[in-house]
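Only one structure is covered here, and it is reproduced in the block below.
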Amino acid sequence: MLCGGWKRSRRSPEESRVSAQVAAPLAFPPSPASSDSSTKRPGLRALKKMGLTEDEDVQAMLRGSRLLKIRSRTWHKERLYRLQEDGLSVWFQRRIPRAASKHIFFVQHIEAVREGHQSEGLRRFGGAFAPACCLTIAFKGRRKNLDLAAPTAEEAQRWVRGLAKLRARLDAMSQRERLDHWIHSYLHRADSDQDSKMSFKEIKSLLRMVNVDMNDMYAYRLFKECDHSNNERLEGAEIEAFLRRLLKRPELEEIFRRYSGEDRVLSASELLEFLEDQGEDGATLACAQQLIQTYELNETAKQHELMTLDGFMMYLLSPEGAALNVAHTCVFQDMGQPLAHYFISSSHNTYLTDSQIGGTSSTEAYIRAFAQGCRCVELDCWEGPGGEPVIYHGHTLTSKILFRDVIQAVRDHAFTSSPYPVILSLENHCGLEQQAVMARHLRSILGDMLVTQALDSQNPEELPSPEQLKGRILVKGKKLPAARSEDGRILSDREEEEEEEEEAEEALEAAEQRSRAKQISPELSALAVYCCATRLRTLDPSPGPPQSCTVGSLSERKARKFTREAGTSFVRHNTQQLTRVYPLGLRMNSANYNPQEMWNSGCQLVALNFQTPGYEMDLNTGRFLINGQCGYVLKPAYLRQLNTTFDPECPGPPRTTLAIQVLTAQQLPKLNAEKPSSIVDPLVRVEIHGVPEDCAQKETDYVLNNGFNPCWEQTLQFRLRAPELVLVRFVVEDYDTTSPNDFVGQSTLPLSSLKQGYRHIHLLSKDGASLAPATLFVHIRIQNS
């Protein structure tokens with residue numbers, strides 16, 4: 001429980017006098033709603049707080065624009081697009097009426113806005129429109145790009161500039177400001193007659209919108225407590241008072257009282273005591289004073305180095321108060337070690353936007369992968385018409401894209417999110433002539449980015465480091481002299497994969513159509529400098545020095561077999577050489593495997609289908625969330641030491657205890673926005689992903705009919721043997737008695753980057769988009785034996 005005793009005040013008389021002036025708690029920063037024009041148009045309150053109500057571009061977006069939506073050479077449809085007054089969403093007209101939620105998209109879900117013919121769709125289908133009139137809105141997750149053409153270049157620019165301003169303001173918002181923004185957008189929607197007054201019926205509608213099923217009698221009592229005019233309508237300050245009551249955080253108030261005592265403000269020394277109890281390493285009085293200056297809202301309190309409840313809540317909702325160590329969100333690891341010492345974010349079938357049977361191939365898939373920090377992408381290369389190689393999933397109905405278009409996308413987008421090296425994993429099915437074309441395109445398009453020879457002064461027995469290869473692109477491919485099969489043929493890349501899969505999947509042997517044998521062109525072979533592709537059939541050490549520049553490829557099944565039968569040998573192999581693991585060919589729907597199993601053995605290039613959401617991609621996102629999301633994460637020391645004895649199947653006795661007290665959640669999303677009476681019954685599951693003996697999951701009870709501020713106060717405890725490898729996945733589900741629970745949100749974090757104490761967990765959707773302001777509030781304790 002959160003209950004705790006009072007603390008005696010240790011302040012001077014002057015501090016006590018000031019504390020009495022500033023102690024009154026607020027739920028928000030003071031609202032200007034009752035004293036300005038936003039009272040007349042309450043929906044504009046959000047834009048006013050963003051400082052954008054007078055912006056000409058935003059004003060034009062509020063009025064709306066008729067833009068052409070472009071899908072093909074013949075499909076050009078005019079649609080009305082209009083920014084909503086909440087500043088968070090854009091409404092658009094549809095030819096076929098659908099549910100209201102299907103007529104909007106949210107600014108926070110936008111990945112990028114590109115001008116001109118920068119998207120694949122506009123390059124192919126936008127020739128009839130001037131580039132200056134065109135723009136592309138690219139979304140996070142699986143939502144398709146929106147390719148648009150405006151009547152004039154100026155109107156296109158207004159949307160490009162306006163969306164950029166809105167995204168920048170949204171990114172700069174604190175969690176508390178997002179909450180304020182969020183609740184007022186629902187308030188505007190609940191005000192059915194738009195008279196800036198709220199009847200009890202409208203208040204009940206608001207409560208259902210924000211996922212609260214409140215007893216009518218209790219809701220009416222709250223309503224009447226705020227109805228100071230006694231006219232059965234709330235307006236202005238009365239509405240703000242109601243929202244303050246609604247958004248109270250009793251559990252935070254209890255923690256605050258423990259440290260602040262009777263006068264309800266924290267001095268710098270009391271805040272320092274809280275930080276020390278939190279386990280903040282190196283916390284000092286100066287740190288506490290700086291936090292007060294950063295997060296306190298009351299200027300009088302700030303001047304006297306005091307923190308009110310509002311400032312305390314602002315701090316706990318900030319990145320500094322979150323569960324993820326904010327120091328780990330930038331590049332903090334040693335980037336000067338050999339490539340084999342890092343986990344490297346890797347994609348399989350990167351070109352696909354859907355399944356590998358009939359999905360679409362697109363350069364946009366590469367752009368999205370790079371935006372997510374991916375550093376190793378796959379190019380499945382086949383003979384194309386007109387002497388130009390194409391990329392697609394061979395012998396299927398997937399569409400085809402030109403090899404050169406993909407290389408241009410690599411050139412333009414490989415280093416937008418990370419400066420560290422990119423590996424192009426070539427699956428080569430082309431003849432000698434088109435292989436030579438591939439080599440020419442790689443050299444001419446990538447230029448100096450492409451690594452074409454070994455680095456000067458580099459130890460030939462060791463791979464270079466990410467730091468040495470900043471801004472460079474490596475080719476993973478076959479190197480002459482090529483490996484030969486038992487009958488002496490030179491194998492194609494796909495045959496190698498098939499040979500391994502046939503060993504494990506003999507039932508498919510008759511159905512497999514084997515690629516014809518092909519040689520490797522000298523031009524393409526010369527580009528495989530540090531990533532020479534080879535089959536990894538055995539872990540027996542070969543005579544002579546280690547072949548550090550070879551990359552062993554193997555299926556998920558073969559990797560599991562190595563881990564089970566020769567765990568330590570596999571780990572040692574991966575201390576010096578790169579290993580790429582790919583999904584079995586049986587996964588026709590582009591499903592993923594559990595990457596944690598491969599990371600446990602030190603495999604660096606664990607390739608997943610980035611286009612397929614699920615817990616596997618959640619783990620991948622969590623693994624690479626740290627170190628600036630640069631796509632490289634340093635492996636634990638026992639996965640880097642040449643003579644390591646670590647075996648993921650036998651990791652030794654437990655040496656760490658993790659205790660997570662799940663306290664509350666805030667503002668969970670509705671699962672069915674079109675059904676007001678649909679309220680979630682949330683439960684929280686905490687999953688541990690690590691070596692097999694560490695894997696576990698435990699969950700709380702469910703809370704009936706409350707997605708707004710459910711409370712659990714339940715502790716879940718885990719004993720861990722290899723904590724450095726552990727990922728902790730927090731999952732919120734809607735409990736269902738008759739069918740599987742429905743997913744609400746999740747967050748996956750590396751244990752090594754978790755901070756102890758009272759922390760907020762910021763939840764993500766199934767596609768990885770932010771669900772702000774939805775959070776979990778937990779207490780974390782990590783004890784090492």
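Glycine residues also receive a Cβ, built from the backbone N, Cα and C atoms like all the rest.
Worth saying up front: this structure is predicted, and the values here are computed from it rather than measured.
The following features are taken from Swiss-Prot:
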ACT_SITE  His348  active site
ACT_SITE  His393  active site
BINDING   Asn349, Glu378, Asp380, Glu427  Ca(2+) 3 binding site
BINDING   Lys476, Lys478, Ser553, Arg580  substrate binding site
BINDING   Ile679, Asp681, Asn705  Ca(2+) 4 binding site
DOMAIN    65-168  domain 'PH'
DOMAIN    178-213  domain 'EF-hand 1'
DOMAIN    214-249  domain 'EF-hand 2'
DOMAIN    246-281  domain 'EF-hand 3'
DOMAIN    333-478  domain 'PI-PLC X-box'
DOMAIN    524-640  domain 'PI-PLC Y-box'
DOMAIN    636-765  domain 'C2'
MOD_RES   Ser101  phosphoserine
MOD_RES   Ser492  phosphoserine
MOD_RES   Ser569  phosphoserine
REGION    1-43  region 'Disordered'
REGION    484-517  region 'Disordered'
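Shown here: features listed in Swiss-Prot, placed on the structure.
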{"residue": "Asn349", "record": "Ca(2+) 3 binding site", "DSSP class": "coil"}
{"residue": "Glu378", "record": "Ca(2+) 3 binding site", "DSSP class": "strand"}
{"residue": "His393", "record": "active site", "DSSP class": "coil"}
{"residue": "Glu427", "record": "Ca(2+) 3 binding site", "DSSP class": "strand"}
{"residue": "Lys476", "record": "substrate binding site", "DSSP class": "strand"}
{"residue": "Ser569", "record": "phosphoserine", "DSSP class": "helix"}
{"residue": "Arg580", "record": "substrate binding site", "DSSP class": "strand"}
{"residue": "Asp681", "record": "Ca(2+) 4 binding site", "DSSP class": "coil"}
His393 (active site), number of other Cβ atoms within 10 Å
22
Quick one: which residues besides Ile679, Asp681, Asn705 have a Cβ within 8 Å of the Ca(2+) 4 site's Cβ centroid, in sequence order?
Asn211, Asp213, Val680, Pro682, Val703, Leu704, Asn706, Gly707
Remaining residues near the recorded Ca(2+) 3 site, that is with C-beta within 8 Å of the centroid of the site residues Asn349, Glu378, Asp380, Glu427:
His348, Thr350, Tyr351, Leu379, Ile391, His393, Ser425
Calculate the distance in Å between the alpha carbons (Cα) of Arg580 (substrate binding site) and His348 (active site), and round it to a whole number.
10
Listed in sequence order, the recorded positions within 10 angstroms (C-alpha to C-alpha) of Glu378 (Ca(2+) 3 binding site) out of Ser553, Ser569, Ile679, Asp681 are none
Using C-alpha positions only, work out which of the recorded positions His348, Ser553, Ser569 is nearest to Asn705 (Ca(2+) 4 binding site).
His348
Let me make sure I understand the structure: which of the binding-site residues listed (Asn349, Ser553, Asn705) has the fewest other Cβ atoms within 10 A of its Cβ?
Asn705
For the domain 'EF-hand 3' (246-281), would you mind checking the mean pLDDT of the predicted model?
93
Counting other CB atoms within 10 Å of each candidate's CB, the least crowded of the binding-site residues Glu378, Asp380, Glu427, Asp681 is Asp681
Counted with DSSP (H/G/I as helix, E/B as strand, rest coil), the domain 'C2' (636-765) has 9 helix, 60 strand, 61 coil
Using C-alpha atoms, which one of the binding-site residues Asp380, Lys478, Ile679, Asp681 comes nearest to Ser569 (phosphoserine)?
Lys478
